[in-house]
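Over in TrEMBL, the protein carries these features:
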type   : residues : note
REPEAT : 193-227  : repeat 'PPR'
REPEAT : 228-262  : repeat 'PPR'
REPEAT : 263-297  : repeat 'PPR'
REPEAT : 298-332  : repeat 'PPR'
REPEAT : 333-367  : repeat 'PPR'
REPEAT : 438-472  : repeat 'PPR'
REPEAT : 473-507  : repeat 'PPR'
REPEAT : 508-542  : repeat 'PPR'
REPEAT : 543-577  : repeat 'PPR'
REPEAT : 578-612  : repeat 'PPR'
REPEAT : 648-682  : repeat 'PPR'
DOMAIN : 727-859  : domain 'PROP1-like PPR'
REPEAT : 747-781  : repeat 'PPR'
Amino acid sequence: MRKSAAIIKPGEYLLILLKPYSSIASLPQILSLDSEPVDLSAQLLSILSRPNWQKHPSLRKLLPSLTPSHVSSLFAFNLDPQTALSFFNWIALRPGFKHNVHSYSSMLNILIRARLLGVAEKIRISMIKSCCSIEDVLFVLEVFRKMNADGEFKFKPTLRCYNTILMSLSKFLLIDEMKTVYLELLNNQISPNIYTFNAMVNGYCKIGNVVEAELYASKIVQAGLHPDTFTYTSLILGHCRNKGVDNAYEVFLIMPQKGCQRNEVSYTNLIHGLCEAGRINEALKLFADMTEDNCCPTVRTYTVLIYALSGSGRKVEALNLFNEMKEKGCEPNVHTYTVLIDGLCKENKMDEARKMLSEMSEKGLIPSVVTYNALIDGYCKEGMIDDAFEILDLMESNSCGPNTRTYNELICGLCKKRKVHKAMALLNKMLERKLSPSLITYNSLIHGQCKVNDLESAYRLLSLMNENGLVPDQWTYSVFIDTLCKEGRVEEAGTLFDSVKAKGVKANEVIYTALIDGYCKVGKIDVAYSLLERMLNDACLPNSYTYNVLIEGLCKEKKMKEASSLVAKMLTMGVKPTVVTYTILIGEMLKDGAFDHALKVFNHMVSLGYQPDVCTYTAFLHAYFSQGMLEEVDDVIAKMNEEGILPDLVTYTVLIDGYARLGLTHRAFDFLKCMVDTGCKPSLYIVSILIKNLSHENRMKETRSEIGIDSVSNVNSVDIADVWKTLEYEIALKLFEKMVEHGCTIDVSIYGALIAGFCQQERLEEAQGLVHHMKERGMSPSEDIYNSLLDCCCKLGVYAEAVRLVDAMVENGLLPLLESYKLLVCGLYIEGSNEKAKAVFHGLLSCGYNYDEVAWKVLIDGLLKRDLVDECSELIDIMEEKDATAQADIACAALMRLAAANSTKGALEDHELRGLSVNHGELTQLSGLVNNLISVGLGCVATFAAVVLEDNVLMEKAWQDIGILRAHAWNKILQKGIEHTPSDKIDAAAAFLDSLKEPELPSLAESEKKPPIETLPPGRVSLSAPISVQRKHVPATQQQPGKLLLSEERQLVLHHHQNRVKPLQMRTIQVHQLSVLALIQLLYHPKVVQFYLRASQGT
């Protein structure tokens, strides 16, 4: 194998900003610039050239490392055909080795050259059957056609060969190619047989095109042949795929009349079709009839029915059928277990699902990624994130790689738990595994950032999404609109809403509802109503959520009559009111003290068949507590128990708060015990209520006053926010005594709430005392506790303790919040502890955070907003030194190789560049990046990318933006200073690539010896030229703060950057895990601009 040549010298780089997650992201595994791969193929050639090579001791050592690609490389040498065939067959029998289409093709070339056509035909058939993907089939098809063409290696395909490739094309639904191959068969004057026609029928039936399938079925009769069981079974499948189950049934019924015996596949196809149509009972009847037709249900038959029963809520029947199949000796397969596990997870029966997974393993079945994903999704939906990550560890230990959906489910689960920094870190993991984040990935992350009130980072993710070629959808915009509305920024939400249509996104009911809710919350009911009308005019039908937010808005404005009228209007629009609808009305009536009216609405709701939920009963509890109506409270609690409705966090908060306010502390603690026992963690607010009550009791004892109902006003006189300011440490410990007294379990969550309360008021000493207290009782601080302490230390400026906490967290596998890191790093720099700041940042980069988020939150929102530009430059240096992936170097090298190959397409065909594994479709995605770069003013980057893409239009656009290209190439044509204007129709790409031919390079390694040159459009000076640029005065009205630099200002920054001792890495962007977006925001941040302009003036 050829040694990889370093293309770029150390210290010499392209002035280029390449997103590290572009189409070249797959290169690191293949292209190595630093190490020489072991040439196994050459070693093999040496071994095979000896007699009795099978017994050679070195061969046994090499065997574990051999892959089909090594076999292909070996066969590229001039190897004896018989030796090659012997080795080919010998290695195929080795455990763990399996030939692929490429190794088969290499063997085939040798056999055809030697005219060993009999063996070659067998190898050709095996090659076709070995196809595992669409790419494999298309490769085989290309080989197939080359053999059919005139030339040295002509080897005409046989009918069997045609039939085999037709079935392979059918398998991967490559129907157009299948039809083309069929026509080629006819052109070669080969007569089709029943297998040929059946392959065509089957292919069209798989995509539900019964018309075409029946056309080929008719050709069977025209050819004097008879349709067989395979033909009719395919037609049954086709009708079912076309949602014509009744037609499928007709075909099924005529099979015996045509002399065709139905088989298990015939039954299973029809059963599947019936299940897909929701006709499960008919499917079960057909299933029962199978034995009468001498057909035994297969594992797929059972699995289809189990899936249908499970999906329709008939879980007991599904489990019964599962047990029946085992009793009848039909062993469930991975798919069967996966269906059941998925059903159990959707019913929140996670323990049973986990047992089912164990049963699979005991039977020797290897769970698939779909199996594991079902469990991960189930745990995440239940908020059991730790268990979800246990499954991730388990699947990886079983050599089952997670896919994009795996990460999407984990990211979604983390975001729901407000662990956005961990979700962003998972984005890194995805990219390391060469998995492409999907729209769902970004939508979940955007939702997570919005949930923690970081709208700025959400907008940055939106830009990152666009940069990666993904188009925001309705869900994306609904999250932004909803978040803006919740922050009271309704006008901004309205502006975004108006822009959605211009972006080609049709506003749906979710977007409309979010905006209507926003206007209702700020009291603009008229605007909300106008939006409802606009919604109807846009043929977007409101749902119950839409009407509910309007009804709630009217209730808050005390417009009960209009709210009731809107309920009636819902019915006329065909939208049924929900429990939420009635609960909104009941809640408002209870607030107004209209208890009788509220009860009437409640009874009316029940009479209509609606089941009151926990929110309905909580509304009554809140109202009764506010009036001291304890008997009614007891009645509601009894009713909830009777109906099996469990209290949620809000209900427990109302109960504990209500009893505490009335001085009934024992009852409050009774419900705290119930809460903890059911696994519902007490919030900071609940702990504050109890602490407030205990503080009040303590004061009353000190004044020898007796606590009673008449002292409620005194309890209420202390504001919750003030509790933690005045709370004595001993009262916190008394909470533990009271909990023990009432049989409550004291866990980490209780300590966490207390510590959070003290930390919010910057009472670090008391918080640390509680940490010591919990450790004495054998409990370790949680991640939330550490983060509370860390945040408190940073706000107090106790940075030495903060650094200790960070070290302890990292040592225990916990992630500090980036917000805390930001405060710590900035604080250390401000107090002059620069080395400590850099050490902390260096440690941060080892924790797996997403580099974009680090740049956004620590560098941009932290250092740059505090004018710490030099310090920001230092930390970017550290990010570069960390060099976790060396992605930028590899990307630059890849682009250079593409350029050296004279064209993108040529690079794909060049022997030296095959190892890059970059297809043309992936590379053309760079054109989208070029346009993005131009739009944000990064013309230098855009120009080089345009050159690689050979796109002159894009290149001219890029030149007009910044007009400079610094390329490591030997461009003698443009180096001589060809004068032209932007309007000249000069093929700059061709000039650039042609220049690489003179002088002709003997090897790519010679590129190291060539000096870098610059290609410059008119009016631009060289970067290496002496600086003699005077900055033009820009009127204040033209320069907008926060906007990207004008072209000339960028040029000035680039010039002065050259002479900086510690520049902000503008000469070479090597912060490898950073996206283009984050780098743009860093480089063109107003603070950075001011920094360089000050430097230019010698200040």
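Positions of Cβ are set from backbone N, Cα and C atoms, glycine also.
Those TrEMBL annotations? Automatic predictions, nothing curated.
Long-range Cβ contacts of the repeat 'PPR' (578-612) within its own chain (Cβ-Cβ under 8 Å, at least 6 residues beyond either end) map to 544, 547-548, 551-552, 555-556, 558, 560, 563-564, 567, 570, 619-620, 622-623, 627, 643, 645. Per-residue pLDDT, averaged across the repeat 'PPR' (648-682), gives 91. Assigned with DSSP, the residues of the repeat 'PPR' (543-577) fall into helix, strand and coil as follows: 26 helix, 0 strand, 9 coil. Residues 229, 232-233, 236-237, 239-240, 243, 245, 248-249, 252, 255, 304-305, 307-309, 312, 314, 325, 330 of the same chain lie 6 or more positions beyond the ends of the repeat 'PPR' (263-297) yet place their CB under 8 Å from a CB of it. Packing against the repeat 'PPR' (333-367) from elsewhere in the chain are residues 299-300, 302-303, 306-307, 310-311, 315, 318-319, 322, 325, 374-375, 377-379, 381-382, 384, 387, 395, 398, 400: each is 6 or more residues past its ends and has a CB under 8 Å from a CB in it. Distant neighbours of the repeat 'PPR' (508-542): 474-475, 477-478, 481-482, 484-486, 488, 490, 493-494, 497, 500, 549-550, 552-554, 556-557, 559, 573, 575; these residues of the same chain sit at least 6 beyond its ends, with a Cβ under 8 Å from one of its Cβ atoms. If one looks beyond the repeat 'PPR' (193-227) by at least 6 residues along the same chain, the residues whose Cβ comes under 8 Å of a Cβ in the stretch are 159, 162-163, 166-167, 169-170, 173, 175, 178-179, 182, 185, 234-235, 237-239, 241-244, 247, 258-260.
Across the repeat 'PPR' (508-542), DSSP helix (H, G, I), strand (E, B) and coil residues number 26 helix, 0 strand, 9 coil.
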